[in-house]
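Just lifted these from TrEMBL, have a look:
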ACT_SITE  103  active site
ACT_SITE  299  active site
COMPBIAS  442-453  compositional bias 'Polar residues'
DOMAIN    85-423  domain 'Peptidase A1'
REGION    438-459  region 'Disordered'
SIGNAL    1-29  signal peptide
């Protein structure tokens, strides 16, 4: 049976960038003396590019067009058998091939390293840095955690289902396959030296991190200016599997349903879910139940959907009340108390005649209609039986929507415009539409002398002027949170003083403790009337360092 929730969001993966002057560092450590203020601190900002999704023409004519090329990649596997979807990524010169889980809830792309002493047996051979003529380690520096010899940067990720991955960071040429318009690019990735839990036992080689973060493959490509700040996933249906992925912008269908996604609230991709309707009737729950903690999180690397207790009980009861003609049976795995029904038949296209329609209503009033395959999975031991793929999220108040919810749905993560779009479609047919006109990118090449193709295209000129709204600052300070907490207000005032702004414009947005280090996300808000904090957001600018 597929993994229940792998990978689930684990510890917050916050960017690490030390931006305070020596005065701030002294304050963080609790030192009574501070050096005299220096000159004002200037943060370089770059203007964002026009939205590449606003393209004329129909979806069929316009797929693949845009201000930047995109990486069009096939998806493989399926939810029931594997619990995830994978894509093929090529690393190094000559290229070494890997099957990676596409995961919008992770921020690092990593593969097993040849030197790994605790890695499982996966689909492909481990990455061998010595065999790549373009590989280089990310050398130890003040902005990363280093190995014991202080030679190379390291990474470590832990997930809520108790699996983990750790290793060193390297940089090499990454290729996206023959169908991609995007040429190979240099990127930083993790070379695993240890993995535990589901990561150790899974068939896939590793993770392709699509989340927000310094090491995310999306952030790296966007920072290079080679793709627009958007990506799309389309998972196949219950009996088909596979699908398509696009890194970069693509035109939105005219009837795509959108929800706002707030990058300030959480590092995870969230949506504004307000109601769930079953059989046309809204669940009798307070809409605020979907807005706790991180809000409603969309995570492509999680298999199923998880609701807070109140919402789950209401959803379960509503569905059960609509299927009187079916027999309730035990689930396929005795370790879980699955809610399953027999007698529905094998034809997925006819499940709507037995199971109720489910609608998700967003904060803007738009509605995403789900078919039964978006909340059911096949019983692996009883023919014609199905089980709820929606579970209670323990005592966690977060609403977590995994891959099952978006089967046969094109999901566009429009990070530039801070929204996520949904469009019901046949994902295998969508893949064929992505190849109208063919792809122009060469296959992964073993040529070590063609580095000219790796440089990003120049930024467009003549961009419109606009006012800066919100700036986020992510910093890592080598002080434990209990010792740092009393000084947060003082740090806020120091930042405000250096930026020559009102202290009310500086606010702590996220604090995460990792061992002896504290990771902090600050928000620098625009001034409103009378210099008060304004809620208007025109752009987000983050500093990123390795």
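Every residue gets a Cβ built from N, Cα and C, even glycine.
All annotation found in TrEMBL is predicted automatically rather than curated by experts.
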Need one number: mean pLDDT over the domain 'Peptidase A1' (85-423).
94
Whole-number Å distance between the CA of residue 103 (active site) and the CA of residue 299 (active site)?
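One finds 7 Å between the Cα atoms of these residues.
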Just how many other Cβ atoms lie inside 10 Å of the Cβ on residue 299 (active site)?
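Other Cβ atoms found within 10 Å: 25.
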